[in-house]
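J.: Just passing along the structure, written as structure tokens.
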Amino acid sequence: MDLRHLLLTLVLVCANDSLSASDDVLRLPQISKCRSPELETFSCYWTDGNFYNLSAPGTIQLLYMKRNDEDWKECPDYITAGENSCYFNTSYTSIWIPYCVKLVNKDEVFDEKCFSVDEIVLPDPPVHLNWTLLNTSQTGIHGDIQVRWDPPPTADVQKGWITLEYELQYKEVNETKWKELEPRLSTMVPLYSLKIGRDYEIRVRSRQRTSEKFGEFSEILYVSFSQAGIEFVHCAEEIEFPWFLVVIFGACGLAVTVILILLSKQSRLKMLIFPPVPVPKIKGIDPDLLKKGKLDEVNSILASHDNYKTQLYNDDLWVEFIELDIEDPDEKNRVSDTDRLLSEDHLKSHSCLGAKDDDSGRASCCEPDIPETDFSASDTCDAISDIDQFKKVTEKEEDLLCLGRKDNDESLPSLANTDTQQPRMSTRPENSQPWPPFADSIDAASPSAHNQLSNQNSLRNTDFYAQVSDITPAGSVVLSPGQKSKVARARCEFCTEQNFTLDNAYFCEADVKKCIAVISHEEDEPRVQAQICNEDTYFTTESLTTTGISLGASTAETPSPEVPVPDYTSIHIVHSPQGLVLNATALPVPDKEFNMSCGYVSTDQLNKIMP
């Protein structure tokens, strides 16, 4: 027991010491607030602190100064506003000029504050609060009232010097929390759905419209419906339903239901949320081959099935065609019908078929950019190329035939009696060198062409396999020989290719007649009897023209024994995998006509006359 008393004594001593220590803390005098109730006057209040020697009246002074003043001034009224206050009436109040105030004791300053009057406006509380009953509900449980009050008597609200907003707060008598309504300018505020069996407390406060600080609350107004003679009727509606318990039990039941559904449909939900990964399966291929990495066997299976081939591989058309090698070394030394068809002149003339097709047998045409339905441009190209080809081939055959005849014949008969055919004669100067006869040049050129004649004799009897007779099921083209074309006219090679060294610009008439006579057709036209050409005689264009016309007339009278048949040697377009469209070569063009002119024949005119 003694120990307990000792401990209790120590606790009391410690408590007294703490209280005395807190009392010993010095609190300096401080300005508590400054307020203007009506924006015309204002007052400032302060506290003395715990300085006992400063509690006497007049010990602490309040000094003030406006912005434009230079000296501090003492408070004009310490009595009107109460103890420890200073009142500034309208004569000392300037609304738009800032003030500075401070608490001093002789030379010691305790507190200082600066402000303007419009910032410290705190209106007085409203007065004369009252309420009236508006109506009650049909059940008699709730009622509506309207609360009224008057503005503060100090605020000049009626003249508009200051505008006030009012805030109403109410609560039940037994509650601690006040319910607030939105601030409004009106002095009448309705309250709805108040319970008739309860008593309420109402209070109101105001503030300046441009300020955020409210003034003091008014006196509390008590509202009791029993005072108005309204009896409270207990009703079943007043009994509160335990909504909170209903919400709790409902949430628990819903959670249990969801859990049961998840447990019963676990496998199906798992399939929906996490679908199974499909096993790699290829029709006709064992998945174990892919797992073991046997790619060679998989590739062999894929290659053996057409279903795994690409669409382009299945739909691609392949056309077999005839490949012609124009540079075969075995064929260079011998002349054949293939060389004739595929000679350099022939290929050059066919600009459409001049390049070799190296597309590995894929379906193609010599004119890939030209549509199949438009044959105008391609036909023109083929026709022109065929005409040039036929002319060149015909000229070469005629030259060979001419050389053959020259070699077989012993000699050309000399042209005699040229004096009787030429009306005009002229003699050469005696000092000029005699011209070698034209026939001598022909005889000199004959041995050089004899070797070609032996090789070309077989060419004239060679058939050209240029006609398509059949197309095999495999797509190959069967060619058959065409009809032999007889050359209707021959041309001497030495007349066009041999160059003469001319001493002057005229020619012997006998030499020219020899050349013209050879040009005529050898099969139907008889040989022209040659005359001996005098070295000192010349001919004119009239005699040459007469001879050319007579020879041309005799040639025209004798028809050609065989009409040349065109050979289809140019592939125009691939019509289908088993069809070809060929172009025909053009027929030979007529011979050149002699120009009718008078006078002697110059070298240029002779070149024009000689084909």
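The backbone N, Cα and C atoms fix where each Cβ goes, and this holds for glycine too.
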J.: Do you know which of N130, N583 is annotated N-linked glycosylation site by Swiss-Prot?
T.: N130
J.: Hey, which of N53, N499 does Swiss-Prot call N-linked glycosylation site?
T.: N53
J.: Say which of C14, C34 is recorded by Swiss-Prot as the disulfide partner for C44.
T.: C34
J.: Could you pull the disulfide partner of C100 out of C86, C114, going by Swiss-Prot?
T.: C114
J.: Pick from 19-23, 159-163, 214-218, 599-603: which range has motif 'WSXWS motif' per Swiss-Prot?
T.: 214-218
J.: Disulfide-wise, see what Swiss-Prot says C86 is paired with, picking from C14, C75.
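T.: Among C14, C75, the cysteine that Swiss-Prot links to C86 by a disulfide bond is C75.
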J.: In whole Å, note down how far the CA of N130 (N-linked glycosylation site) lies from the CA of N174 (N-linked glycosylation site).
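T.: With distance taken Cα to Cα, N130 (N-linked glycosylation site) is 21 Å from N174 (N-linked glycosylation site).
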J.: If you measure C86 (disulfide bond) to C44 (disulfide bond) at Cα, how many Å is it?
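T.: Computed Cα spacing between C86 (disulfide bond) and C44 (disulfide bond) is 5 Å.
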J.: Please report how many Å separate the Cα atom of N130 (N-linked glycosylation site) from that of C44 (disulfide bond), as a whole number.
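T.: Their Cα atoms are separated by 32 Å.
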J.: List, in sequence order, the same-chain residues at least six positions removed whose CB sits under 8 Å from that of C44 (disulfide bond)?
T.: I31, K33, C34, L62, C75, S85, C86, F88, V101
J.: At the level of the C-alpha atoms, what whole-angstrom distance separates C100 (disulfide bond) and N89 (N-linked glycosylation site)?
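T.: Just about 16 Å between their Cα atoms.
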J.: Fewest other CB within 10 angstroms, which one of the glycosylation sites N89, N130, N135, N174?
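T.: Comparing Cβ neighbours within 10 Å for the glycosylation sites N89, N130, N135, N174, N174 has the fewest.
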J.: List the same-chain residues at least 6 positions away in sequence whose Cβ sits under 8 Å from the Cβ of C114 (disulfide bond), in sequence order, or say none.
T.: P98, Y99, C100, V101
